[in-house]
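Quick look at what TrEMBL annotates:
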type    : residues                                       : note
BINDING : Glu91, Asp113, Leu115                          : Mg(2+) 1 binding site
BINDING : Asp113, Asp116, Glu280                         : Mg(2+) 2 binding site
BINDING : Asp116, Gly117, Ser118, Ser119, Asn208, Lys274 : substrate binding site
DOMAIN  : 5-193                                          : domain 'Fructose-1-6-bisphosphatase class I N-terminal'
DOMAIN  : 198-331                                        : domain 'Fructose-1-6-bisphosphatase class 1 C-terminal'
Amino acid sequence: MKRVSLTQYLVEEQRLHNSIPAELRLLIEVVARACKTISHAVSKGALGEVLGSAGSENIQGEVQKKLDVLSNEILLEANEWGGHLAAMASEEMETIHPIPNRYPKGEYMLLFDPLDGSSNIDVNVSIGTIFSVLKAPEGMKDPTEQDFLQPGSKQVAAGYAVYGPQTVLVLTTGDGVNCFTLDREMGSWVLTQRDMQIPVETKEYAINASNARHWYPPVKRYIDELQAGDTGPRGKNFNMRWIASMVADVHRILNRGGVFMYPADAREPDKPGKLRLMYEANPMAFLVEQAGGAATNGKQRIMDIQPTKLHERVAVFLGSKSEVERVTGYHAE
Ligand code: AHG
Ligand code: MN
Ligand code: MN
Ligand code: MN
């Protein structure tokens with residue numbers, strides 16, 4: 001089998017479709033390199049002294065794990081000096097991170113969830129990194145937080161890495177979704193799945209069911225119908241999976257279909273869900289749509305939402321199109 005590396009894929013994509021400018025290609029390669037470094041740290045586990053809590057709290061009010069902090073630092077350091085970025089933003093930083101003046105600045109802005117699935121770090125379950133790329137407003141070398149507040153439809157690239165039994169990188173630049181597997185011996189990303197497509201129909205769903213008592217009626221109705229099985233209104237049996245790492249749940253859905261939900265609920269009526277719009281929901285929505293699926297907040301397309309703040313939260317329904325349309329429809333009734 002002829003092996004296509006990430007670099008070769010990006011160069012050829014540029015040649016064929018003119019869709020990946022050199023600066024964007026460099027950016028993606030640097031992010032991929034940072035993910036390789038994170039993967040290496042993750043795989044060391046206790047031997048690398050990377051497990052456990054860092055003893056600090058992030059802006060989300062979450063206790064930071066050592067790997068949350070380390071992954072954030074790896075991504076910042078890798079991306080600062082390349083000249084392709086104007087600024088960065090992260091789940092683990094209260095405000096944006098401008099590119100230091102000692103380095104040249106570029107036209108892109110990078111957002112990331114450095115380590116997704118923090119609760120799974122210490123128990124050796126798949127975790128990952130999620131990223132999203134936006135363009136800085138024309139000619140803007142020193143973007144402000146305000147400049148980041150663009151709807152997901154403006155993303156020029158998005159992707160995630162999963163640090164699991166294999167380390168994979170799943171990427172879109174708006175021309176389909178491709179998956180690369182890390183060849184650890186060679187240290188290179190090898191194209192292993194072209195043009196991933198989410199099956200339209202599914203029999204699998206993912207939701208944290210421990211919150212069932214707090215769900216609003218449309219979600220309760222939808223899940224009740226799935227759980228009623230082949231004698232219920234859906235006429236078939238559904239299976240459930242919940243990994244508690246969005247990257248791993250989304251990766252399963254990109255491979256074999258399914259629907260992933262993190263709804264808003266009645267616990268905190270003012271909080272529109274748990275997941276973050278800018279660096280979790282938007283990049284995943286971009287990937288899922290590019291693979292033929294759908295992503296909404298129950299009311300509208302996620303990528304149409306105009307963000308009002310960097311760490312904005314959002315309800316998420318994503319995956320197989322028919323299921324996302326159904327549960328979104330229940331919200332309208
Ligand atoms: P993070 O680790 O980046 O803070 O994100 C965790 C998210 C997401 O990965 C996952 O789907 C969800 O939180 C799990 O939530 P529960 O703890 O409610 O299962
Ligand atoms: Mn977190
Ligand atoms: Mn996350
Ligand atoms: Mn995280």
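Glycine too: its Cβ is placed from the backbone N, Cα and C atoms.
TrEMBL does not curate its annotations; it predicts them automatically.
Recorded features from TrEMBL, shown on the structure.
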residue : record                 : Cβ within 10 Å
Glu91   : Mg(2+) 1 binding site  : 26
Asp113  : Mg(2+) 1 binding site  : 29
Leu115  : Mg(2+) 1 binding site  : 31
Asp116  : Mg(2+) 2 binding site  : 28
Gly117  : substrate binding site : 24
Ser118  : substrate binding site : 22
Ser119  : substrate binding site : 12
Asn208  : substrate binding site : 13
Lys274  : substrate binding site : 20
Glu280  : Mg(2+) 2 binding site  : 26
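Asp113, Glu280 are the binding-site residues among Asp113, Leu115, Lys274, Glu280 whose C-beta comes within less than 6 Å of an atom of ligand 3, given in sequence order. Taking the centre of the Cβ atoms of Asp116, Gly117, Ser118, Ser119, Asn208, Lys274 as the substrate site, the nearby residues of that chain (Cβ within 8 Å, site residues left out) are Asn120, Ala244, Ser245, Met246.
Asp116 (Mg(2+) 2 binding site) and Asn208 (substrate binding site) are 16 Å apart (CA-CA, integer value). Summarised as a single figure, the pLDDT of the domain 'Fructose-1-6-bisphosphatase class I N-terminal' (5-193) averages 96. Secondary structure from DSSP puts Ser119 (substrate binding site) in a helix. Closeness to ligand 2 is met by none of the binding-site residues Asp113, Asp116, Gly117, Asn208, Lys274, Glu280, no Cβ falling under 6 Å from the molecule. Helix, strand and coil counts under DSSP for the domain 'Fructose-1-6-bisphosphatase class 1 C-terminal' (198-331) come to 59 helix, 23 strand, 52 coil.
Here the CA atom of Glu280 (Mg(2+) 2 binding site) lies 7 Å from the CA atom of Asp113 (Mg(2+) 1 binding site). Cα to Cα, Glu91 (Mg(2+) 1 binding site) and Ser118 (substrate binding site) are separated by 12 Å.
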